[in-house]
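Student: Encoded as structure tokens, here's the structure I'll be asking about.
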Amino acid sequence: MAVESEIRYGSSNYEDAGNTTANINSRLVNPFKGMRHEQMEEKIEQFMKKTEIDEMFLDLIRKGAFLAQDSQAFEHPRDDGLQLKGDERQALRQEDPKTGNKWNQPWIMYALVGCCSLGAAVQGMDETAVNGAQVFYQYAFGIDGDGGYNPGIRGLVNAAPYLCCAVLGCWLTEPLNWVLGRRGTIFVTCILSSATCIWQAFTQTWWHLFIARFCLGLGVGPKSATIPIYSAECVPANIRGALVMMWQMWTAFGIMLGYIAGVIFRNVLEGDSTDYNATPPPTKDFLLSVQCSLNWRLMLASPMVLPLIAAAYVFTLPESPRWLLLKARQGKTAYYAKAFDSLCDLRHSNLQAARDLFLIHHLLDGEEAIKKGRNRFFELWSVDRNRRALIASLTVMFLQQICGVNVMAFYSSEVLAKVFGGGVKGYRKALLGSMGFGILNFVFALPAVYTIDTFGRRNLLLCTFPFLALFQLFTSIGSLHHFQDHSATQTGLILTGMYMFSVFYSPGEGPVPFVYSAESMPLYVRDLGMSMATATLWFFNFFLAITFPKFQVAFTDAGAFGWYAAWCVIGWFMILFLVYETKDLTLEQLDARFSIDTKTHARWALKEVMFVIRYYFLSQKGAVRPVLHVWSDSETEFDMQRLPPRKLSMEIE
């Protein structure tokens, strides 16, 4: 039997920079905790005066306010005469995690989820439409390596949207949202995405295509940041985490659609005009003609459809209640009623809408009070708890790109075309092979809806990263030049490497970064921390896209994939030491977890690895397993950064 050695760390005082992070989060989780009945009545009276909501809703607001303070407020008789109606009680029971059905939501909620899913699919399709198209347009634009251009030109063209997202697009999110609202921003960015996709299809030079793709980033960047915010602000808390996970899953669906578009449009006007290895070689004018270039132009234009659908019905959905309340606080009192109407559409009962309206209003009060006089950027780095969460978030975002997944997303068709010998048949097989990668990426993202909350974020990453390294190595070995040209062994190694990489990436490093970054940051710096994490993701997305063609020249394909395999190995150790587990932890427990200093966490992680080796590989059944457990003692205060780990008990499993 395994023996469990429990390592505990005590603290009830996480004070830094003159404020306690735990107290900050408490104010932002439940600002009414501990208030007396008369204090709540005073809050309700002030709320009604400030919002100018019709007095006919007073009893509803009162019931909602007491529910916001205590979800069990109406489970026992009350002295104030407030009672729940039958339908109100039934709606509240649906929220109970034990007896209710969290997926029983109003139809408008699922319409909103559908729109957000379309937006995620748009992003994924934007990323992979270029995969099949570049196989053809590199010859038309003379950037295939034989046209006298630096090989980085092709990478620059492919990476243009992500360069724009990192340096410009993401930073437009806040002003666009403030002026246009969540729905307006989604509408404008979807129209812009659709227009730039059409623009790409009419380009005649590589630099013209670069400009069009750079402008595409103006649509992709703000849209990718706004849609998760919009959905998180509209959906109930009990399905919010699952919806954050859905963003990555439907991005994978869009990636699959991009590959499918490449296969569909590959055969448009097919003939000798698509054989770029023909003798004599075709002229540039012929390569840019409709007969020769229609296939890759349709591939680049294909993502235009989904954003048009999203734009067409986004205004049929309710606006974000939180955004409406933010506008109401600028003196536009009528927006309070609009926010209430929006919540009524998004909840089963008006009581739930009143509760959430009252709570959001006071949470915004708390946020404003906390932000006043504070340098949030400075505290993101200076407060130990914040810095550890930020470093962990940046680590998983960085590793999502540097593991090499988007090299396969952007360049798999080109790599496979070499394996299949080029020419008309070779390109067709390459596009089909890439489509297989995209299908697996989506299919194996589905189990993550279950596994991410069952096995934990950190455990998923630690279990899948060794396989990512292994199958990148498969692809690297398959790309070695000593193989007989286009042999079955070479083809099998490369396809096995790519496909199995997708199988292990999709439930692990695929969905974890967005979920982890969203939940690990304290609420008062979450928007700033997420902006930094997202910008990191887009920057390294750009880095991979622009550097791979140069790596092909400097290292060959084998060396390039070997480079990413090495980073997967390094990434495993980064996750082991720097990434804290966040599964099933409340906000207060997250404060305690991230208040454990990195050195202590790393020492525990090493002991955990030694236990796994001894127990599972060396069959030492008496091995001691260290358990990292955070406890709180209200009577005793500890400095967590100085407290050494200590064994408190030995328990037999």
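Cβ atoms are placed via backbone N, Cα and C, with glycine included.
Those TrEMBL annotations? Automatic predictions, nothing curated.
From a predicted model like this one, the values you see are computed outputs, not experimental measurements.
The domain 'Major facilitator superfamily (MFS) profile' annotation in TrEMBL covers 112-583. The feature transmembrane segment is assigned by TrEMBL to 242-265, 296-317, 389-411, 431-452, 459-481, 487-507, 528-548, 560-580.
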Student: Checking distant contacts: for the transmembrane segment (296-317), what same-chain residues at least six beyond its ends satisfy Cβ-Cβ under 8 A?
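Tutor: Non-local partners: 108, 111-112, 115, 118-119, 121-122, 125-126, 129-130, 132-137, 140, 183, 186-187, 189-191, 193-195, 197-198, 200-202, 219, 254, 257-258, 261-262, 265, 268.
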Student: Any contact between the transmembrane segment (560-580) and the transmembrane segment (459-481)? By contact I mean 3+ C-beta pairs closer than 8 Å, pairs at least 6 apart along the chain.
Tutor: yes
Student: Which residues, given as numbers and ranges, are at least 6 beyond the ends of the transmembrane segment (487-507) yet have a Cβ under 8 Å from it?
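Tutor: Same-chain contacts beyond the flanks: 252, 403-405, 408, 412, 415-416, 419-420, 433, 436-437, 440-445, 447-448, 451-452, 460, 464, 467-468, 471-479, 561.
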Student: Let me know the model's mean pLDDT on the domain 'Major facilitator superfamily (MFS) profile' (112-583).
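Tutor: It averages 85.
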Student: With a Cβ cut-off under 8 Å, give me the same-chain residues at least six positions beyond the ends of the transmembrane segment (459-481) that come close to it.
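Tutor: Same-chain contacts beyond the flanks: 396, 399, 403-404, 415, 419, 448, 451-452, 489-494, 496-498, 500-501, 504-505, 507-509, 512, 556-562, 564-566, 568-569, 571-572, 575-576, 579, 581.
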Student: Same chain, outside the transmembrane segment (242-265) by at least 6, Cβ under 8 Å from its Cβ: which residues?
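Tutor: Result: 113, 116-118, 120-129, 131-133, 227-228, 231-232, 235, 295-296, 298-299, 302-303, 306, 409, 413, 431-432, 434-435, 437-439, 441-442, 445-446, 448-449, 452, 506, 510-511, 514-515, 518.
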Student: Cβ under 8 Å, sequence separation of at least 6 from the ends of the transmembrane segment (528-548): give me the contacting residues as numbers and ranges.
Tutor: 152, 155-156, 158-159, 162-163, 165-166, 169-171, 173, 221, 224-225, 376-377, 380, 386, 389-390, 393-394, 397-398, 400-402, 404, 406-407, 410-411, 513, 517-518, 521, 560
